[in-house]
Amino acid sequence: MPRSPGTRLKPAKYIPVATAAALLVGSSTLFFVFTCPWLTRAVSPAVPVYNGIIFLFVLANFSMATFMDPGVFPRADEDEDKEDDFRAPLYKNVDVRGIQVRMKWCATCHFYRPPRCSHCSVCDNCVEDFDHHCPWVNNCIGRRNYRYFFLFLLSLSAHMVGVVAFGLVYVLNHAEGLGAAHTTITMAVMCVAGLFFIPVIGLTGFHVVLVTRGRTTNEQVTGKFRGGVNPFTRGCCGNVEHVLCSPLAPRYVVEPPRLPLAVSLKPPFLRPELLDRAAPLKVKLSDNGLKAGLGRSKSKGSLDRLDEKPLDLGPPLPPKIEAGTFSSDLQTPRPGSAESALSVQRTSPPTPAMYKFRPAFPTGPKVPFCGPGEQVPGPDSLTLGDDSIRSLDFVSEPSLDLPDYGPGGLHAAYPPSPPLSASDAFSGALRSLSLKASSRRGGDHVALQPLRSEGGPPTPHRSIFAPHALPNRNGSLSYDSLLNPGSPGGHACPAHPAVGVAGYHSPYLHPGATGDPPRPLPRSFSPVLGPRPREPSPVRYDNLSRTIMASIQERKDREERERLLRSQADSLFGDSGVYDAPSSYSLQQASVLSEGPRGPALRYGSRDDLVAGPGFGGARNPALQTSLSSLSSSVSRAPRTSSSSLQADQASSNAPGPRPSSGSHRSPARQGLPSPPGTPHSPSYAGPKAVAFIHTDLPEPPPSLTVQRDHPQLKTPPSKLNGQSPGLARLGPATGPPGPSASPTRHTLVKKVSGVGGTTYEISV
């Protein structure tokens, strides 16, 4: 009497089986209580024993026939034979012992019924060797329970014969007392047994015939094999033996165990705990033809370990240059040279058109960020372990790095201060974009250590990245190629003109290595601007398209005319140069990367002289003013492919009040150093195709602490080059408080070129 899952309980179908069980158990119990005691004394003690054994056998077979699986075939899935359900023929013929047997398609179970299988309309299942559905046992009679049903009929018939026979003996011996209770109950049991004896004996005889002939009730009723040969018969004895002694057929449908549903309820507003080591999430990205597999490990514990990291780690190890990859471009330089800081870092282009043509380059070490008021000392540079590196890749925009590229530098950044004005609000927006740009590079995270200047107050802003903090991956022009590291000697990140240089050593050199010039302790500064020679960014043109180079060539003539105008301006101002407004990030390190003769440094005056100086808001040199206007307008058209926090410094540079700055002096030891090798040029586009940007010879003054206001500063409007401020893009030297500069000034020409889509590039000559 197994019930298929999902069917409703129908109480009416249990009425026949409940009646049969009640009559069987009730009548037999009355017989054993009221009749068997006298039969035991008068006839034989074997009478109740015999009837008891037969009764137990009847109950056992009845239970097996009722609760046993008759051989139900499992239904096919909805989509398993969906096509066959519409196109399959209704019948198929198979050979059984050389006889064609027809199989019918079952539209309910979605398969062809095996031979002798039929679908039960009551149970709604296809049953193997289906005989019939018996309501007295409330179950189908099939291959697996037919044996117990047949034995139930035989034992029940024998039990009924015994009850009627021994009851008749008791009544005949108590004929004078028919009104007695024992005689009345015995006569009632005899009537019930005799009433059901006729159909039971008839049904038993019918199944005896079917068993001996090897047929089922369904085959007999439907007329199968009538007048023909039954392919399933085994002979009379063989059929009886097969029914009574054959092994039990396997069960095809196994009901799942009904276990109590354990549901763990958690109170609301509580987030589930994250695993400390979650499995990496593989993300397949498709953008601009580039597909990269990224492994992101998101876990709460990895973020917690970042804060728990000790702050006593040493500086990062020198880079390991991979030989054999673009050997013409990656020449292994000597340590300490300018090429050693540049050859191992390449930049991926920010324009989508260049993503398809990026070769893989080896990576270099990552140098920590410095913000205003914050500086990373050399020997105490802090790096995190690899276990925390890969766990910090919580990025809102996944990077598009190549799959074979190792972990890049994801730079630690601090949230900006609350905006106090419109300029601060604009700088905060730029800083948030810079966070996204810097977080696209997964890898080494560097902790920061704040540093305050000795004589200046802490600055109110924070910056995002330092000149040599971003990793480069190929040789195209992009946001990061303008941020290549400067001299191996290393410089302090200028948080403000008032912040001085603390003894920072480059991660590429040992703190005590040869060639590291001595650095005196910072002295008190005077409120003047120090020398700020400009240096071009070492960029590569290997991956530039022909369209960009054609645009470069088209603008060559116009830029040559502008250079002539700027040369006239240089003759007017002598040793003055064209610079941006003094900001914290316009003072960058790059002097060792330049080419050309040295020139004396410029000494800057106060902000009032800068504004009132020639070429800035005055009519002393209209030609220079026109060239500066056209230059700033072309620069300002650069798309914001990536943002930085330099606009915050521009806001501070425009604020009224005196500007503390580093002195315009050098130590005698630094003045006599030879010029290091120049920036390597691209083998593809070097020579006549390179053009120049304004950069005049700057006379270097002798060491002095006097404030000179002779030469005003030329100021260009704040603009962005390839998504960054020009001060950061040109990598000027980092200036600290009065004292020796980190690197001598060198003359270099830089060309600003507009590419496809308005992108502006700087090309060094």
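Cβ atoms here come from the backbone N, Cα and C positions, even for glycine.
Sequence annotations record features per position, and here Swiss-Prot assigns active site, S-palmitoyl cysteine intermediate to Cys134. Look at Swiss-Prot and you will find 622-653 tagged as compositional bias 'Low complexity'. Sequence annotations record features per position, and here Swiss-Prot assigns domain 'DHHC' to 104-154. The omega-N-methylarginine annotation in Swiss-Prot covers Arg441 and is backed by similarity to another entry. The region 'Disordered' annotation in Swiss-Prot covers 293-352, 509-540, 613-747. Here Swiss-Prot flags 14-34, 53-73, 149-169, 191-211 as transmembrane segment.
For the domain 'DHHC' (104-154), the number of residues in each DSSP class (helix H, G, I; strand E, B; coil) is 9 helix, 17 strand, 25 coil. Of the two recorded stretches, the transmembrane segment (53-73) lies close to the transmembrane segment (14-34), with three or more CB pairs under 8 Å once pairs fewer than 6 apart in sequence are set aside. When Cβ-Cβ distances below 8 Å are used as the criterion, the transmembrane segment (191-211) is approached by residues 23, 27, 149-150, 153-154, 156-157, 160-161, 163-164, 167, 217, 220, 239-240, 243 of the same chain, each at least six residues removed from its ends.
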